[in-house]
Each structure stands twice: as C-alpha cells, then as structure tokens.
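What TrEMBL says about this protein:
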DOMAIN    A:36-149  domain 'PurM-like N-terminal'
BINDING   A:Asp38, A:Ser52, A:Asp83  Mg(2+) 4 binding site
BINDING   A:Asp38, A:Asp83, A:Asp237  Mg(2+) 3 binding site
BINDING   A:Asp61, A:Glu275, A:Trp320  substrate binding site
DOMAIN    A:162-262  domain 'PurM-like C-terminal'
Number of protein chains: 2
Amino acid sequence: MTPDAADPTVSALTERELLAAILTRLGPGRALVGAGDDAAVLAAPGERIVASVDTLVEGPDFRLAWSSGFDLGWKSAAVNLADIAAMGASPTALLVALTLPPQTRLSFVLAIADGLRGACAALAPECAVEGGDLTVSRTLTVAVTALGTLAASAPVVRSGARAGDVLALCGDAGIAARGLAILFDRWADADGTARPTAGLDELDAAERHAVSRQLRPHPPIAAGVVAARSGATAMMDVSDGLALDASRLAAASGVTVDIDSALLGGDEFALAGGEDHALLAAFPPTAALPDGFRAIGAVVPAAEGPVRVDGVVFSGRGGWDPYRSEPAAG
Amino acid sequence: MTPDAADPTVSALTERELLAAILTRLGPGRALVGAGDDAAVLAAPGERIVASVDTLVEGPDFRLAWSSGFDLGWKSAAVNLADIAAMGASPTALLVALTLPPQTRLSFVLAIADGLRGACAALAPECAVEGGDLTVSRTLTVAVTALGTLAASAPVVRSGARAGDVLALCGDAGIAARGLAILFDRWADADGTARPTAGLDELDAAERHAVSRQLRPHPPIAAGVVAARSGATAMMDVSDGLALDASRLAAASGVTVDIDSALLGGDEFALAGGEDHALLAAFPPTAALPDGFRAIGAVVPAAEGPVRVDGVVFSGRGGWDPYRSEPAAG
C-alpha cells in the first residue's frame, strides 16, 4: 500500500484521529449527551423508544465494485430508518458500528459518514448519528441501530390487519430489484462477480434511476407516522419483496391478503423485488388513505395461501434477493 | 462439511429457523413489542434513554481457540452493559447483530445466546435481549447495542471531575489482562496464533480465575446507579487500562488524577491492563464512597501529565490490549 498522506488507510490513524475525522462530517446531533462518553443519552418522549438493528456485510449485502462509500452509508441508514417508520414511529437517532479492514481509506470512511448524514437529511431530518463504534476486521460491515419515538401513538405492528381492511403501499415496488438486475446484467461476470461500473453513462434515464434506487433506496419514512395517525391496523416495510413480506403480515394477522395486480402495476419486479423498503399497510375500509399510499388490494378472511394475486393463490417466487447469501437465507 | 442433523451449520437453516431456535434460548423479554416485528418497542422511563454499541470481531477481539460461544455471548453483553452503567444508568435491553460464517454450527450460535442471557442474569437482571439481526459474513462478529434508563438521575459523564474529588474504583484491576497473558503464555505459538486450551486443568486456582475473567468479565453493573446516587461527579468504565482511561477522564474534566499505588495494590497489570470494565469514578471529598468503591487516588488541579502515580507523571505504557489490532489502535 503506497503511503498517501492526503488519504491514509485507517491503519495509519489512531482510533481517536479516525473518530475525530468522522465526527466533523456527521454534523451536530441532538443528543443530551453525544459522542465522546461511554454512551449517548437521548430524549425518549412518551417514555417509549422504538429500536431496531440491521447489518450490511460486504459480499452478501453490497459490493464495493458497485457501491460507493456514500451509497453504503445512505443504504445502511435508509434500511434502518424504514424499520422505525414501519412501526408508525419517527426515527430520532442512529448508532453506527463499523468494522473496517485495515487497508480501508480514510476517504471511504468519510464517504460512509456523508452517506449516513445525507440519508438522514433527505429521509428523516430529525434523525442524526449519535454514537457508534470502530473496530478492525477482515470484513467491511456497517451495523446500524436506529431508535425512534412514537410520541403519543400506539405502535403499528404486523399482526393487526383485519378482514375487510384495504391493503395499501407507499413507495417504490420493484425498482431496486430492477436496478440490481441491471447491475448484474451489465457489470457482473458469469459467476456473479461484480465488475466496477465506472459510472452509469451507458444507461438510459430509467435504468439509471433504478440503479440509483438499488444503491440509495428512498423509503418514505415520514409516511410511517402519517399511516399510524390515519388508523393503519398493520404495517411493515417491504425489504424482501412484496409477496413474501405480505405473506408475513398475513400470517401474523391471521388473514389472507389479495393483491390486485392492476392496482400494483405490471412491473415484472413489483411482486418479488426486494430492497425498496416501501411501507405496506392495512387500513380500515372507512379510513381515507393518507397521501402517498395507494390501494393495492384487500385483506380477506384467512383462506388457502396467505397471499393471493387477483384471487389466485400466489405460488410464484415470493421474494428474491441475490445479495443475501443463498445458504444462509435457506 | 459432514451433514449433522443434530447440530447443523447455519447454512442449512433458514433465517426463520435459526431465529426461532435462538429465541427459545433467550427467554422472555420485557419489551412492549418484542422480536418478530420490524422493531422493538421498549419502555423509556423518565423520557430519556442511554444507548451504546460495541462490536466484538473474531481475530482482533476474540479467538475461537480460547473463547466458547458462551464466553463470546457473555463478554459482548458485559462490555456493553458496562458502558450503560458507566453513565450511572441501568441497562434495560440489548439488541444483538450477529454476522455468522456459513459453516457456523447451530450449537455455537445457541451458546452465544446462552452467554448473552447468562451475563444479563448475573450482571443486570432487569436487562434482556429484545431484538437483533442475523447476517452471513466471512467474519464472525457480535455487535451489541445496549439501552438503559437513568430514571430520575442526571447522567454521569466523563467531564465532571473536580480538583479535590476522590478517585475511586469498583471492580477488578488488571485481572483480565493477567488472564490474557496466561493464555498467550500457555496457548499461543511464537507468532501469537492461539492454540485450543482444551480445558484449563493445568492452571492453579488464581490463574483459572484470571483466565475466566478475561473470557467472561464481571463488570459491577449495579454499582453504576449507586455511584450516581452517591454523587459521583464523573465516571467511565475501564476498558483499555486504568492509566489510559484515567487520562481520558482527566482530559475531559480538565484536571489531573493522582493514583496512589499503595491503594491500588501492587498487581503488575493494575495500571495498564484492560478489559476488566471496572467503574472508575470521582466523588466529592465529602461523599461517603458507596459499597464496592475503593479510593485509589485524588483529583488535583491540571498539572503536567493527566495521570500521576504517587505524585510522579505516569510515563509507562498507558494501556495495552493485544486483542485490538495494533495498526488500527495506532
């Protein structure tokens, strides 16, 4: 590794130096006690906190040939913000644990910080990185814990959908998966090994949009609280594909969901494509759907199969995510 | 890999099956909404939450030749519980993100769960694992987010020590480092590669105790809240060695700390040995030290060097942790 004073590897920095550089990029937080002590102290209005953790691992979850540091920071924030939103809560803080190979460049780590901050600014402006941890590892991982507040609302769980409810979706359906397919089609070897994209100039605007959404998903975070206030009976974010995640909501609620393909749109990835982190919710038939949500079907009494499409039991591929290692996903 | 129906690799299980097996080992939680939804909902009395994250990585932080799954789960809980205690708070919940190589045995993962539960039961009985994440990786890591409550107390930060305060310690000083030295002495090759211990029968009782404390540290979690109630002006847990961590407390507080080696005891590891996660605190001179804390020195006005031992500026090795990769630790 050639020494590079302007962009050293993390192995050339002390933890203190690396942390100080990262903190200058994260901007101010809102914690009562922030970075630099043993733990952060955060406000928890209403005496409840919503908490979730998700780790992105190089290899199964992202490839450095395709994802920049900014992309990685953005995505690791976005997927965790979506879990908070899916409870009907507002994200308030992220804790970020990075495990970094020694040869990782400082600029890459700072780009992760920029991506975390960028995603918070775009998707959840009340949320910031308030703590974290830096460790050396052979494998690059970003583990984000997201915390959020319910204020006065009840959490919206997966198990509350009732027959007669409207099934509704807010956010993209299949675009991230389309983007992934484009990446594999254009920038992967036959064995699936990713090749650097070197820009996306050869793509048309729709393709670039899809790849961008794969690398930097835009879950509709603010819609989570809105859905809760509008009476959503059940909600979850669509991470593994609409059909598969809808089957989970249906199973938790003891119902069947019937998706109307005409309402969903004809996109080939809409039913099975994951990683958009749209919000899937059920609303009482009398509720006005809040802005951003569109009806895509109905909740019906439990019947054969948890998910039906146009009245027919769905037997297609329920969810597919080639980033997930097949052996582990079963 | 030989198929083994009784103890399959995680690659032979679906995520759902693995999670279900883990949940049976964790026992009941106290969450308002627990595992199985997008996020956990936890009580946050007093409208504040204390939050910290720390990752243990195979290689820099632990070696499978020495640590069992139970040890690993225990230690990853204990080090995070100590961060909460060091704020004067009570741990209430852990979120645990595991990244597992595909060939990891189910029994090993369940032993991690047992260790997490065991540490909570022994050190912080009000705390349980309330959420987590499972991902495939080449590298085994355990990232734990600990959450805690301050109830009505103010957090005890590092920066509040004042000249005239008594410097006090609760917990082990140097025992974990002694244990690590024994492991390296007896069960490592010349290049530092760990060899399986195959039991510790050849050790005497004191040596076994030290190794046990290295693998399963016992930070005095309940003493954190007690110290806060007793008026501690500053506190932190000793993870990187007493002298180094005391220098951090001194720097944050704008003071110098003077350690009395006679009070500390003559153990060769007491000043520089890390990983005991004892609580180092400053108390006003008028305060009665709470049970478990022993005076080890005094806080004095800022002078040459942040740490003095018996009045002499400490210039020895301030902290040493061979588990941390030297390049990354600087």
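Cβ from N, Cα, C; glycine included.
The two recorded residues A:Asp237 (Mg(2+) 3 binding site) and A:Asp83 (Mg(2+) 4 binding site) have their Cα atoms spaced 6 Å from each other. The CA atom of A:Asp38 (Mg(2+) 4 binding site) is located 30 Å away from the CA atom of A:Asp61 (substrate binding site). Working note on the binding-site residues A:Asp61, A:Asp83, A:Glu275: by count of other C-beta atoms within 10 Å of each C-beta, A:Asp83 ranks first. The two recorded residues, A:Ser52 (Mg(2+) 4 binding site) and A:Asp61 (substrate binding site), show a Cα separation of 18 Å.
Mean pLDDT of the predicted structure over the domain 'PurM-like C-terminal' (A:162-262): 96. A:Asp83 (Mg(2+) 4 binding site) carries a helical DSSP state (H, G or I). Counting every protein chain shown, 28 other Cβ atoms lie within 10 Å of the Cβ of A:Ser52 (Mg(2+) 4 binding site). For the domain 'PurM-like N-terminal' (A:36-149), the DSSP counts in helix, strand and coil order read 38 helix, 47 strand, 29 coil. A:Asp83 (Mg(2+) 4 binding site) sits 12 Å from A:Glu275 (substrate binding site), taking the CA atoms of both as reference points. The secondary structure of A:Glu275 (substrate binding site), as reduced to three states from DSSP, is coil rather than helix or strand. Mapped onto three states, the DSSP output places A:Asp237 (Mg(2+) 3 binding site) in strand.
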